[in-house]
Amino acid sequence: MRLTLTSRSRLFVLSSLLFISTFDVLSAQAAPANTAPSFWQRAGDNLSDTWHHWQSQDLYVPVMTWHNRWTYDKEKTDRYNERPWGAGYGVSRLDCDGDWHSLYMMAFKDSFNKWEPIGGYGYEKRWRPLEDQDFQLGLGFTAGVTLRDNWNYIPLPVLLPMASLSYQRLSFQATYIPGTYNNGNVFFAWLRWQF
C-alpha cells in the first residue's frame, strides 16, 4: 500500500499545524502578573505544553461506531459501516492535577466506509474513584479538524464531548456526535495505548 498526499490531505495537515501554531503563539503572549490568565491564554498554554513537553506517545485504534437506532431509519443503519477500521498516533501528558491533555491524528473508515482523518486536542478531567490509582474515569472534550468524503474533504471544525475508562496504560475513550434524524447521532469509540 502506497501513501500519497493529495491536495486535500495536504490541506488537512496544514490546517492541523495552523491550529497548533495559533495556540502556541497565543501562549507566548503572557498575561500580566496580577491577573488570572484568560481562557485563550490557558488553552494556548495547554496546547503548547502538550506539544513541547509530552510525557507519553499514544496509539489509537478505533473499535466501534454505533448509529443511534432511535434516530435512524432501519434501511439507513443496515447500510452503514459500524466497524471503523483505522489507526492514529498522538502525544499526551498529565498536568499537575492529574488531568489528561493530548494532541492526536487518527484516520478511520466512516459510516460510508470512506476514509476520515481527524486531528486535534483532547482534554479530560480525571478521577480515581478506587484505592487502586491505576483505575481512572475521565470526562472532557476534543477540539480539532476532520475531513469527510460526503463534504468533499473540506476541513470541518469539531468540538465534541469525550469520556474514558482507563486502567494503567490502556484507555477506552468515546464521544457522541449529536445530530438530527438520519444524520449524526453517532457513538464513536476507540482504544488508546500509552507507550
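Glycine is no exception: its Cβ is also placed from the backbone N, Cα and C atoms.
Feature annotation from Swiss-Prot assigns active site to H67, D110, S111. What Swiss-Prot lists as signal peptide is 1-30. Annotation comment: Swiss-Prot describes K76 as site 'Role in lipopolysaccharide recognition'. For Y181, the entry in Swiss-Prot reads site 'Role in the phospholipid gating'.
Sequence features annotated in Swiss-Prot and their locations in the structure.
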residue : record                                        : DSSP (3 states)
H67     : active site                                   : strand
K76     : site 'Role in lipopolysaccharide recognition' : helix
D110    : active site                                   : coil
Y181    : site 'Role in the phospholipid gating'        : coil
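Taking the Cα atom of each, Y181 (site 'Role in the phospholipid gating') and D110 (active site) are about 18 angstrom apart. Around H67 (active site), taking its Cβ as the centre, 21 other Cβ atoms fall within 10 Å, counting all chains. Of all Cβ atoms in the protein chains displayed, 21 besides its own lie within 10 Å of the Cβ of D110 (active site). In this structure, the CA atom of S111 (active site) is 9 Å away from the CA atom of H67 (active site).
Taking a C-beta cut-off of under 8 angstroms and a sequence separation of 6 or more, K76 (site 'Role in lipopolysaccharide recognition') has the following same-chain neighbours: H67, N182. Packing around S111 (active site) is summarised by its Cβ count: 20 other Cβ atoms lie within 10 angstroms of its Cβ, all protein chains included.
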